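Worksheet: the structure to be examined is printed underneath.
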Amino acid sequence: MRRPLVVGNWKMNGRSASVARLLNDILAGIGDCKAEVGVCVPFVYIPQASEILKGTKVMLGAQNVADHNSGAFTGEISAGMLREFGCELAIVGHSERRLLYGESNELVASRYEQAIQGHLKPILCVGETLEQREQGRTLAVIGAQIDTVFEFAGVQSLEHAVIAYEPVWAVGTGRSATTGQAQEVHYHIRSLIARWNPEVAQAVQIIYGGSVKPENSAELFAMPDIDGGLIGGASLDARAFLSICHSVSV
C-alpha cells in the first residue's frame, strides 16, 4: 500500500521570520495527518528549517541538487552538503529549472543520480508544455524524461525516489489538469515503469503538481494512481497547506 505524500515547494519565497512562523504553524496543525509531509525551502533557510523540524514528522527538502558530489562547480550544492543539514528530499527537474535554466533530460538525470548516491530521496518532476499536449505528445515527452533517468540510475533507483507529474501549463497558472487528465498520465507513468519492473511500478509514489489547492486536492488525491501532491503557492499559506495535507484518503 502506497502511503500518500504531500510536499510543499516554497520556490524563491520567504524571509527568516516568515520561515519560522510558517514552519511552526504547519507543525502546530499537522496532528494525525495520514500523509507523509515534507517542505522544500530555499537553500539559505535549510539550516534554520532543520533546527525547527528536527524530531518532527515533517521532512526537510531542497529545491535542487548538484550533478557532482564536489569540486569546482561555483554556485552548486551537493547531496552530501544537504544531508549534513538534515535534508531528506530534493526536487530535481522542476519545470521552472527545465524551461528557465535550460536543464536537459541528461542534466536532470545526473542530478537525480547524485541525489540517490547521496542518500537523498529525489522528487523527479516530469511533464509536458501546452504546445506538446496540443500536439498529442504528452506521453512521449514524459516517457523520454523518465527513460533518460533509468539509463543513468536504473529503474531500481525508484525504490528510493518519488515521481511528480507537473503539467507545465498548470504550474503557477491557477489552471489545474482535470482529475481525469491527471489520472490518465499517472496511470501511463506507472505502466511505463511496469515495462521495466512491475513491482517497482506498484510501489513508487507518483504525486501531482500543478495549481493544487484545498478546493481540488481531495478529488485529485482520490484517483487510484495519484499518491499526493507537490504543492507550490498554496504551501506558503499554513492553513491552505494543512488543508491539502489532511485531504488525503488512505
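Cβ from N, Cα, C; glycine included.
Note that the structure is predicted; figures quoted are calculated from it, not measured.
Listed features, source Swiss-Prot:
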- His94: active site, electrophile (ACT_SITE)
- Glu166: active site, proton acceptor (ACT_SITE)
- Asn9, Trp10, Lys11, Gly172, Ser211, Gly232, Gly233: substrate binding site (BINDING)
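Features as recorded by Swiss-Prot, highlighted on the structure.
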{"residue": "Asn9", "record": "substrate binding site", "DSSP class": "strand"}
{"residue": "His94", "record": "active site, electrophile", "DSSP class": "coil"}
{"residue": "Glu166", "record": "active site, proton acceptor", "DSSP class": "coil"}
{"residue": "Ser211", "record": "substrate binding site", "DSSP class": "coil"}
{"residue": "Gly232", "record": "substrate binding site", "DSSP class": "coil"}
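Close to the residue listed as 'active site, electrophile', meaning Cα to Cα within 10 A, are the following recorded positions out of Trp10, Glu166, Ser211, Gly232, Gly233: Glu166. On the backbone, the CA of Gly233 (substrate binding site) and the CA of the residue listed as 'active site, proton acceptor' stand 14 Å apart. Among the binding-site residues Gly232, Gly233, the residue whose Cβ has the fewest other Cβ atoms within 10 Å is Gly233. A C-beta separation below 8 Å, combined with a sequence spacing of at least six in one chain, links Asn9 (substrate binding site) to Cys40, Gln63, Ile91, His94, Gly209, Leu230, Ile231, Gly232, Ser235. When the binding-site residues Trp10, Lys11, Ser211 are screened for a C-alpha within 10 angstroms of the C-alpha of the residue listed as 'active site, proton acceptor', the residues that qualify, in sequence order, are Ser211. By the criterion of other Cβ atoms within 10 Å of the residue's own Cβ, the least surrounded of the recorded positions Lys11, His94 is Lys11. For Trp10 (substrate binding site), the number of other Cβ atoms no farther than 10 Å from its own Cβ, over all displayed protein chains, is 22. Taking the recorded positions Glu166, Ser211 in turn, the residue surrounded by the fewest other Cβ atoms inside 10 Å of its Cβ turns out to be Ser211.
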